[in-house]
Amino acid sequence: MTKSLPKDFIFGGATAAYQAEGATHTDGKGPVAWDKYLEDNYWYTAEPASDFYHKYPVDLKLAEEYGVNGIRISIAWSRIFPTGYGEVNPKGVEFYHNLFAECHKRHVEPFVTLHHFDTPEALHSNGDFLNRENIEHFVNYAAFCFEEFPEVRYWTTFNEIGPIGDGQYLVGKFPPGIQYDLAKVFQSHHNMMVSHARAVKLYKDKGYKGEIGVVHALPTKYPYDPENPADVRAAELEDIIHNKFILDATYLGHYSDVTLAGVNHILKVNGGQLDLRDEDFAALEAAKDLNDFLGINYYMSDWMRDFDGETEIIHNGKGEKGSSKYQIKGVGRRESPTHIPKTDWDWIIYPQGLYDQIMRIKKDYPNYKKIYITENGLGYKDEFVDNTVYDDARIDYVKQHLEVLSDAIVDGANVKGYFIWSLMDVFSWSNGYEKRYGLFYVDFETQERYPKKSAHWYKKLAETQMIE
């Protein structure tokens, strides 16, 4: 039976400033840590990416033509405050006013993120969110944007607090490239959640008319053998690192006893301690019921086995299937069931995980209000033929995830929209330009856009709300 989605559903496309804009030093933009980090460590840079800084009218026209009625955009903090605070860059402010005006002209609702992996370099090199001064700088930046851009009706504080801590201090594939420091992972999560809470409280206290929330990446964690208590424990601990710690901060305003016990175990085994203050919990408590929505980014699930060896993580950045490895001392080891498909980058394709994660939010955090799926999509080595890409695998991936999303709505979850990652092809942080996600193919040499087969499919979906 063909499943459907509600009439008022947002069929969106997602982007991010650093991955799409290019123009990394144009019109007074300040540096971000990624600029030098990519030059030093990778075979690509974010220049010109998809040149969204100049091409946004083209992309928004395509969005309108293909039924995309919402777009995720992030503001580059260092375009507004080149050093993260102090002097405002008027050309950066003007760019975003023009961009939001074009969104509204094209009837594409902008959902605007304040921070998408791109802390200004001056603050990043001073500890990023491990430095509590950064909390103040972020809240001040948020306050400026809320006041300056009243045309924005949907605000998100952060994109993926979890993968920031994970990428910067556990896997080490994001600047500053530190590995296996679990205390820094949790401290980064915590300080960013305090920043989120304070920005949300400020937005509500000022009486602004829009909505505000946060976007979390929530990969579902399963025990490899559900009958083995040690595997169950490994999945629970892995879930605390990536999901539960952050969700508790968002919706409980504190960390549950189970969460804290897990964190304490992980730190006892791996070393380090956390700085959690009374005023932090006052801020979290004050904001826990003020989130208007939760954005869920979901691409994959993981299966965990019991493991008692040393930590070792190998990141598969080049799409060489089977080259990744992930095991954490005192937590567990990822091992994927052989019957479940995975991408060339070892991302496990499991739509049921999205359903389970949505229902988990509904059950464990009943004050969630509503959910948007803010990222979901298939990274692929697209073949460009006949001025298009016949991306049936991408269509199939999105279709399967929309079907379980429809099931979740039927089962009582309040899900109001879906944003495919990504609207057009963009640069991928630790994979470069080979891994494409877009509805629209970008020739990175000429910056021409070409609709893929998936764009035509998505248009029909948006027009009919039928998942076919």
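Using the three backbone atoms N, Cα and C, a Cβ is placed for every residue, glycine included.
The following features are taken from Swiss-Prot:
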ACT_SITE  Glu160  active site, proton donor
ACT_SITE  Glu375  active site, nucleophile
BINDING   Gln19, His116, Asn159, Glu160, Asn297, Ser428, Trp429, Lys435, Tyr437  D-galactose 6-phosphate binding site
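Shown here: features listed in Swiss-Prot, placed on the structure.
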| residue | record | contacts (Cβ under 8 Å, 6+ apart) |
| --- | --- | --- |
| Gln19 | D-galactose 6-phosphate binding site | Ala46, Ala49, Ser50, His116, Ser422, Val426, Phe427, Ser428, Trp429 |
| Asn159 | D-galactose 6-phosphate binding site | Ala16, Ser74, Thr113, His115, His116, Phe117, Val215, Asn297, Thr374 |
| Glu160 | active site, proton donor | His116, Phe117, Val215, His216, Ala217, Asn297 |
| Glu375 | active site, nucleophile | Ala14, Arg72, Val215, Ala217, Gly295, Asn297, Tyr298, Tyr299, Phe419, Trp421 |
| Tyr437 | D-galactose 6-phosphate binding site | Gly377, Leu378, Gly379, Tyr380, Arg394, Ile420, Trp421, Ser422, Asp425, Val426, Ser428 |
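In the three-state DSSP assignment, the secondary structure recorded for Tyr437 (D-galactose 6-phosphate binding site) is coil. Residue annotation for D-galactose 6-phosphate gives Gln19, His116, Asn159, Glu160, Asn297, Ser428, Trp429, Lys435, Tyr437. The furthest Cα pair among them is separated by 20 Å.
With a 10 A radius on its CB, Asn297 (D-galactose 6-phosphate binding site) counts 22 other CB atoms from all the protein chains.
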